[in-house]
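Here is the structure we will look at, set down as structure tokens.
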Amino acid sequence: MTATKGLEGIVAAKSSISSIIDGVLTYQGINIDELAEQATFEEVAYLLWHGKLPTQSELDGLIAQFGEYAAVPADVIAGLRLYPKGSNSMAALRTVVSSLALFDGEANDMSGESNYRKAVKLQAQLPTVVAAYARIRDGKEPIAPKKGVGIAHNFLYMLTGEEPAQVAIEAMDKALVLHADHELNASTFAARVTVATLSDIYSGVTSAIGALKGPLHGGANEAVMVMLDEIGSLENVEPFIQNKLNNKEKVMGFGHRVYKNGDPRAKHLMQMSRQLGELNGDMTLYEMSIKIEDLVTGQKGLKPNVDFYSASCYTMLGIPRDLFTPIFAISRVSGWTAHILEQYQDNRLIRPRADYVGPVDQHYVPIAKRG
Ligand SMILES: CC(C)(COP(=O)(O)OP(=O)(O)OC[C@H]1O[C@@H](n2cnc3c(N)ncnc32)[C@H](O)[C@@H]1OP(=O)(O)O)[C@@H](O)C(=O)NCCC(=O)NCCS
């Protein structure tokens, strides 16, 4: 037995949710470019769960369900108030999602109907808990969700307490569409491994959030913004990046395990970053990002991934950087739950083997005789 480090190139599941073929990303066979330009996030969530785009009445039904489920139990919000000041926002999200299971009487009901209902509920509730966490952390009172508006709209409203501008809603909605699913990425795989033991959907999503938190996965968008803040100005880009490249340090937001010729989602976020810069009358973050891309792609051949331009977009939307990865989760929970439902449909325990490289033929030595 020989191990494949990082399971690179290993095909570990059959799935009909999203595909990456020859560098083209599709959700249920529809090119992400078309969805980014034309679909709303609610349509995409429906598409991932049902394998088809919704009719108007199906879409209205889903939006109504989101509205019905979006409020979270008061005790869950009370729990958020107990988290220590300065808690990591993804650790907080991981904890609160796990706690949601304790307040859901059907958390362990494994019927298909109940699991679908919980998928919709998790999608409806994640924006509420992220916004509530952010407000409590800032010493403000959480704001109850609205009914009848989309997820992007509701999230921005609950975060700021103000009616978001149409342009902000559209930008957030497009970001959610672009992050919704991505084949067997690390967090989705973690979710599938967890539920393949026939554990519940909350456990699957909690595992996924833990995996998304890492800087090699979802945590990269926040790390990009830390870097942009550290660079601080257009003039500093070149010495900063050159120094990183000379020292063989990773530049966050570049490279990808699957895409070697560029991440198809990045161009949409790059355009959005430019548009938001023009709208705000400040192109600094966009121009810094373009310069970083020129240097990293020029010297290393590495292209930006989905996280690189997300960072400047979210910042220009006025979102604090520690919420970037939780926003990724608000979107990706649609994909995680679609994969969890798919896993339940045709389940087999996921249990690979290890290439053992430790000592052999050892014997137990009584403690008194150990040197
Ligand atoms: C995404 C990522 C984890 C993919 O990793 P991977 O397929 O395991 O690739 P590796 O980390 O083994 O990288 C392969 C080579 O490219 C280099 N490389 C990869 N990403 C790099 C980056 N962002 N900056 C500089 N060099 C990078 C590695 O140093 C390595 O070089 P070497 O062969 O000389 O050692 C990796 O590209 C990365 O860490 N990127 C930064 C984090 C990030 O943006 N993550 C979000 C992904 S959507």
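Going from the start of the chain as shown, residues are counted 1 onward.
Even glycines carry a Cβ here, placed using N, Cα and C.
Listed features, source TrEMBL:
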ACT_SITE  H256  active site
ACT_SITE  D307  active site
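Annotation note: H256 (active site) sits in a coil segment as assigned by DSSP. Shown in sequence order, G218, A220, N221, A223, V224, M252, G253 are the residues of the chain, 6+ apart in sequence, with a C-beta less than 8 angstroms from the C-beta of D307 (active site). Reduced to three states, the DSSP call for D307 (active site) is helix.
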